[in-house]
Amino acid sequence: DPDPKPKTTEVTAGSTAVFEAETEKAGVKVKWQRAGTEITGSEKYVIKAEGNKHSLTINNVGKEDDVTYAVIAGSSKVKFELKVKEAEKSETVTPAEPAPAPPASESPAPPVESSQNTEVSSAGPQPEEPLDPIGLFVTRPQDGEVTVGGNITFTAKVAGESLLKKPSVKWFKGKWMDLGSKVGKHLQLHDSYDRNKKVYTFEMEIIEANMTFAGGYRCEVSTKDKFDSSNFNLTLFPFPSEINYTFLLLYSTEGHEEGGEFNFSALLKKRGEAKSESHSDVDVWEILRKAPPSEYEKIAFQYGITDLRGMLKRLKRIKKEEKKSTAFLKKLDPAYQVDKGQKIKLMVEVANPDADVKWLKNGQEIQVSGRYIFEAVGNKRILTINHCSLADDAAYECVVGEEKSFTELFVKEPPILITRPLEDQMVMVGDRVEFECEVSEEGATVKWEKDGIELTREETFKYRFKKDGKKQYLIINESTKEDSGHYTVKTNGGVSVAELIVQEKKLEVYQSIADLTVKARDQAVFKCEVSDENVKGIWLKNGKEVVPDERIKISHIGRIHKLTIEDVTPADEADYSFIPQGFAYNLSAKLQFLEVKIDFVPREEPPKIHLDCLGQSPDTIVVVAGNKLRLDVPISGDPRPTVIWQKVNKKSDLIRSNDDSMTPSENSSDLNTDSKLLFESEGRVRVEMHEDHCVFIIEGAEKEDEGVYRVIVKNPVGEDKADITVKVIDVPDPPEAPKISNIGEDCCTVQWQPPKYDGGQPVLGYILERKKKKSFRWMRLNFDLLKDLTYEAKRMIEGVVYEMRIYAVNSIGMSRPSPASQPFMPIAPPSEPTHFTVEDVSDSTVALKWRPPERIGAGGLDGYIVEYCKDGSTEWIPALPGLTERTSVLIKDLVTGDKLHFRIKAINLAGESGAAIIKEPVTVQEILQRPKIWLPRHLRQTLVKKVGETINIVIPFQGKPRPKIIWMKDGQTLDSKDVGIRNSNTDTILFIRKAELHHSGAYEVTLQIENMTDKVTITIQIIDKPGPPQNIKLVDVWGFNAALEWAPPQDDGNAQIVGYTVQKADKKTMEWYTVFDHYRRTNCVVSDLIMGNEYFFRIFSENLCGLSETAATTKKPAYIQKTGTTYKPPSYKEHDFSEPPKFTHPLVNRSVIGGYNTTLCCAVRGIPKPKIFWYKNKMDLSGDAKYRMFSKQGVLTLEIRKPTPFDGGCYTCKAVNECGEAEIECRLDVRGNQMNFMDNTNTAMKKVTAKIKK
């Protein structure tokens, strides 16, 4: 390692800087770095190495060289700094310039204390309050100091401009003690809201503080989605006390071009490593000590001192310099705060750059690891803690020699966010419900609520809570109707709400089974469709359950149930029914067997189509889209006729003939024969020919298959034809996207139009679904079909974005869903503003004020609109050009004498609220009000203040128009240079920056409006410390007593003398001791004086302000003479107390288990104290590190660390002094398992061998 190490050096620009380092061994490779980059030799940087000495020379140093350097030797790295200062220039100081500030003190001082019951003048420009760039605070509470018995107030300010409601603030002492429950005689909590600045002010006032109040405090502020905290300390001093103070002024010019901003809140470290700002440290105490009193106010204004009275008061009490730390130039701050998972740096500056430091955590030394990094940069020592966890929330200290610097680190857990919200669910009674969400941290604690009521772990019979990594589950095994409601999951950083709707089980039949007529050996298919795909059912034939076999098949696919009968026989003709399980439904249809009878036809018979034998009207055949159409057409004729199928279009009463001429149809047909001939025997649409019939088949009917089909049969004898209408019915087309209107707080109106195509069947109704915008799960809103084209959707959550879609349902089934509606958010207008009143009226203005609405809602609050209307009119006129966000308004330029009605409405995204109206009309006319002074209770008696304190008297009054205010003192007009007077419409203020004795007197305030007046008198008494007593005399001295006498002080400080303090001092030591305290007489007798000593006496006078600055001291000492004979003590022969050692308690034989520390104890007596020796098997143990010997008050102890069986044997304790010696022995047996024995045998044998060699 480099030794000695290079040190931080300060040089002047343009000069040369040399850094030297020395390594333990010669030939070690050394690297030099500048700002983390390796330095190579050049004219600028000269690197030399001679043996184990290395040097770096930097020529022509410039400002750019003011950076951090490092030297690396092997695995060791030492950092140091080069500080470059500008060359000094002579400057001429003009005489008009005020006393300049001395250079910044090297060692930083503690922050200025919080104000203690001080009133700050509002005269002159005030610096703006510093904004907190990180958290919620505008102003954080600062460290404070107070004397025992005094009062102190800590103030925190929070920006309220972006907050919808008042933030929650808690005050803590230490880490966990909540002070909200400690409010009482000694603690008060206050809060207020400045509507002009939109700032919340929270105050903690400590009254009559005692020493137990000292310590660390914390203020926490939280809103719906933010959290911040600030730590501060309270220091208490005994009363009276002499304390040295140092003042630190932080003056920041960041972000200001012309003037700076005063910033006193630099106590608590912000998170992370911010760039260090340039602050000038000014020792204002030195400036005040050297400045004349006439310059005090100028210095206070120049340096922003708001408590000049307190500083001057303490300046008188400072008699010696504060003892500064010799080891530390800068100590740790009282407290630090860091977010969990972030890193923090704790830094001190030591006086000796070569000093070694130790870092302790909760009193235990910290070892270097991946998370704890130690750095030494010049005289700075830095501890870096990476990836802070809750285990790092502890007390830390830095130790240099015998001095310590303490701090406390607070680790704040980040809020747990909900990364995936809950989904709305709709289930049937008895179904299992599982709500799932995902949070930002594994194993986080969440809270579940139902309709605002927390679900506890005790309700495990109903609800089950589960965690799986970052996922959180709420499970309801068997849901009931009572489980419907809104379920909420809450963390400390978010909320998610979902709705559960539990419906009674209800089944809808989308398609019922239809009657069938089939021929022998054909296929019969009964099909139905229900709403629930999980519902099972049974098929009945004439009331008996159908048993499937090779010919009869039963299938269930999704929502469709089928019964298929192959090769139909006459026995299959019956009534068939489908019964869903669990529902009172019975879907029935009839199967008719068609027996084709063919009469004998003689030869040469013209062809004939026998459609009438089907037993039903054949004109129109209805088929469901997707189903199979099979039409058997019996025909006859001899010879066998030829069959032609055509699809024709129904257009007019004419047929198009081959010669393109329009002629009436012979049979008055209304079909167009310009159509397509169907000859295919294979494919989806085909014709199959048989001897006595033909079959027309459409596989999977489509809408295009709909139309009129003509069959023509011909033979040589003649021809016949018939028209068959095929109608294909289907589910409706999806409707268009629904429209959303009349959006309310938790409801809206949904409107839609019928589908363009109803599927050939009338629309029976509609089904409506909704979902959250960010969700993928649609939830059905109705089980009964909606007959109308509008629906009022309810039970939505305000502030959540939703979408709607619609299904159309006819007898065939349900359409595809419509496109989703435009996203919408249920919001409602706010309620009307409250407490709407008239604040003031003049000849041309009216001042109104109100409070925000009781309910604002998720839509927020955009502002207010104020309107007025003349009495007798109905036209409301806006009082302001737009919206106002304030809760008060002054309406100007009104006509004197008009009677006006006023109303106000709150506005947000959802619209206007109801109007708040002032019932009675307001006459625009100045109201004459008699002057009246409301004198505060504490001013009705004499106001006592000390010299140097600030006097700020606020006297409220009423009266209109604005009264004339006159201040008098003892019948004379007040001097405005000495006393400040400020008047407003509602109060008058008397302000004295620094009270003096001549300010005492009777002050009279007079209010005058025309010929009406009101006056009060205020008596002010300014007091100061008294002068010393007069004419102190030593009246008499006798025996051990001295009699004193004195006269009251000439200057009583404008207050009654309440007592005297009498002190005495021996002439030899001149150390003063108090004899009497609060002594009321002007003479006393001091007793119990020591014979032969000379004493001086001094006396302080005391009033309400305290003890006098100086004391009256006796000029001559009082001599207490010696009396009586001289005592000669007899001479005695000195007794010899020496004795040889003797053991008073023996060693005891012991048997112990190996691997555990054991001790051997005995006691010895001997004078002089004997020297102790321990032996094992006659071998001296004093040089063996395995054994430790103790001797305390004659009790001797031998500790054997983790003995093994090898340590067994005979132990001897020997005591020796100059009178003789004694010894005692015992036997020690060590038992242990074989493994421990073998592990330790080698170590023991090595030690024995080493001793034998010695």
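Just so you know, glycine gets a Cβ as well, placed from its N, Cα and C.
Curation plays no part in TrEMBL annotations; they are all automatic predictions.
If you check TrEMBL, you get these features:
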| type | residues | note |
| --- | --- | --- |
| COMPBIAS | 97-111 | compositional bias 'Pro residues' |
| DOMAIN | 127-235 | domain 'Ig-like' |
| DOMAIN | 323-400 | domain 'Ig-like' |
| DOMAIN | 414-508 | domain 'Ig-like' |
| DOMAIN | 607-725 | domain 'Ig-like' |
| DOMAIN | 734-830 | domain 'Fibronectin type-III' |
| DOMAIN | 832-927 | domain 'Fibronectin type-III' |
| DOMAIN | 931-1019 | domain 'Ig-like' |
| DOMAIN | 1028-1123 | domain 'Fibronectin type-III' |
| DOMAIN | 1141-1225 | domain 'Ig-like' |
| REGION | 87-137 | region 'Disordered' |
Please work out which recorded stretch in 323-400, 414-508, 931-1019 has the most C-beta pairs separated by under 8 angstroms from the domain 'Fibronectin type-III' (734-830)?
414-508
Counts by DSSP class (helix H/G/I, strand E/B, coil) across the domain 'Ig-like' (931-1019):
6 helix, 52 strand, 31 coil
Cβ pairs under 8 Å with the domain 'Ig-like' (323-400): which stretch of 414-508, 832-927, 931-1019 has the most?
414-508
Quick one: DSSP breakdown of the domain 'Ig-like' (414-508) into helix, strand and coil?
6 helix, 49 strand, 40 coil
For the domain 'Ig-like' (323-400), what are the DSSP-based totals of helix, strand and coil residues?
3 helix, 39 strand, 36 coil
